[in-house]
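Q: Look at Swiss-Prot and you will find 120, 140, 141, 142, 143, 144, 145 tagged as S-adenosyl-L-methionine binding site, backed by sequence analysis.
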């Protein structure tokens, strides 16, 4: 396994390979990610895949071998685009057949030098370039999007907020859903009562130990009810830590 490059000036460097570079930075140009981008805390560039196509029509796709609907992105074109930015950063392909994106993988990416992200289109990408360039296939959910650009934006937003100096309150990032293995507890703020619903008394008691206990109990309840898969993994990890 080759060593990953050092972060340039401590910055996370994302290169997005796409047929629609005008979609970037998009939402990544506003809020936390946009401010961090403007301040140089991370770097974003796009690569137009079509620039690496040959011939008068600059075709980036062709019909699927063996027949079938749709078109497939060509291995030679995609490979040239990938090779143009290959510097040792992980190469990711956003695809519904990929491994589900997890907070653990997001943290690992945030700790690295960056990522090269290929946005798929049409029926997919020729399998040979996936194998030949060792692309890591990542999915953001069990549903189909028009292309990988939206998925790439989701991934980068999740990564950027974990970069040093991006979030004003480090604790915020450490207590959110998935960081503890649990979904997040409920939140409340003023007014004290709204439409007959009051803030739970415990949250205004000033007893921080009791508040922490309440929040954990609520997080456990919500996770158990809504995400049995996460709850099972959480319980398994607790048993492992407890040596049971």
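Cβ atoms are placed via backbone N, Cα and C, with glycine included.
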Q: Could you check the binding-site residues 140, 145 and say which one's CB has the most other CB atoms within 10 Å?
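A: Max Cβ neighbours within 10 Å, all protein chains included: 140.
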Q: Cβ distance under 8 Å to residue 142 (S-adenosyl-L-methionine binding site), same chain, sequence separation 6 or more: which residues?
A: 96
Q: Counting only residues 6+ apart in the same chain, whose Cβ is under 8 Å from the Cβ of residue 144 (S-adenosyl-L-methionine binding site)?
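A: Same-chain residues close to residue 144 (S-adenosyl-L-methionine binding site) (Cβ under 8 Å, separated by 6 or more) are 96.
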Q: Give the number of CB atoms, excluding that of residue 141 (S-adenosyl-L-methionine binding site) itself, located within 10 Å of its CB.
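A: Step by step: centre on the Cβ of residue 141 (S-adenosyl-L-methionine binding site), count other Cβ atoms within 10 Å, giving 11.
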Q: What is the total of other Cβ atoms whose distance to the Cβ of residue 143 (S-adenosyl-L-methionine binding site) is within 10 Å?
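A: A count of 7.
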Q: Write out the long-range same-chain contacts of residue 120 (S-adenosyl-L-methionine binding site), meaning residues 6 or more apart in sequence whose Cβ is under 8 Å from its Cβ.
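A: Listed in sequence order, they are 73, 93, 94, 95, 147, 148.
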